[in-house]
Amino acid sequence: MDKIAILTSGGDASGMNATIAYLTKYAIAKQLEVFYVKNGYYGLYHNHFITSKELDLTDFFFMGGTVIGSSRFKQFQDPSLRKQAVLNLKKRGINNLVVIGGDGSYMGAKALSELGLNCFCLPGTIDNDVNSSEFTIGFWTALEAIRVNVEAIYHTTKSHNRLAIIEVMGRDCSDLTIFGGLATNASFVVTSKNSLDLNGFEKAVRKVLQFQNYCVVLVSENIYGKNGLPSLEMVKEHFENNAIKCNLVSLGHTQRGFSPNSIELFQISLMAKHTIDLVVNNANSQVIGMKNNQAVNYDFNTAFNLPKADRTKLLNQVNTAII
């Protein structure tokens, strides 16, 4: 019986548990023996394995996070640690490793594949910054978390004629901010592609306030407080000092913790099935993603050289009020 191991790596994302469950379901149907690695590459190096018989995923399918744990293990860049990780797998007769994570996790998998291990990567990150997939596992649910939270903030913002500045996750990718702005009818959004200094920010807000008595702005994380721009706390203070009451909200890890929604689960099921089919057909290491609502696969080199999606039109659309 062929064997596979599954691990989750990097930041957690809604749908990781469902991905593990779908992979297990399709693998067992193909007579594969399934192992789980606890806590990502850290567990792979430290030999922390459990079998699918030791963990009932039924109760975790709809839960956010990852029941087998995840971690960021920078020491894995050490070649000797990677060799030990491969040895741990080989001792169990495991030749196929499925990695659920983002670009950093993919780099670890590519390094393992160069040691003769078959690695299959699925895009697990809320940031939607994996170029080999139109949408990543966790993105749609994080977007729903943004919609729910912003809707609640809208009510109090409108009631008190205020400005609300809402910081959104996404690391260096603006997709959650742009898609979130469109999904919530935000007044405008600020991303790395259109960052505003204090004067520019105030000008945009006052333009919105010319036709309504409130303003809701989504801002990507990792923009303010660096590269010569003020912190968001300073932005808030600036507006307060200029007679515009301002609420500053960071949505933080609420964007990671929701139960995966329907479109998330649908796409996960397609990618999981495609992954197991590749394993059964003895494919070499591959990166799996979504394109036009279908699961697709690429070799590592092709995947790493795919271009980023251009969001210029969407950014202009959401910022119609201030252009």
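All residue numbers here begin at 1 and follow the chain in the order shown.
Keep in mind that glycine also has a Cβ here, set from the backbone N, Cα and C atoms.
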Of the candidates Glu202, Glu221, Glu233, the one that Swiss-Prot places in the substrate site of Thr125, Ile126, Asp127, Arg162, Met169, Gly170, Arg171, His253, Thr254, Gln255, Arg256: Glu221
Of the candidates Gly11, Gly180, Gly181, the one that Swiss-Prot places in the ATP site of Arg72, Phe73, Gly102, Asp103, Gly104, Ser105: Gly11
Max pairwise CA distance, angstrom, over record-listed ATP binders Gly11, Arg72, Phe73, Gly102, Asp103, Gly104, Ser105: 14
Cα proximity to Asp127 (substrate binding site), best match among binding-site residues Gly11, Phe73, Gly104, Ser105: Gly11
Which of Asp103, Asp127, the listed binding-site residues, has fewest other Cβ atoms within 10 Å: Asp103
Maximal Cα-Cα distance (Å) across residues annotated as binding substrate, namely Thr125, Ile126, Asp127, Arg162, Met169, Gly170, Arg171, Glu221, His253, Thr254, Gln255, Arg256: 33
Surrounding CB atoms that lie within 10 Å of the CB of Phe73 (ATP binding site), all protein chains: 22
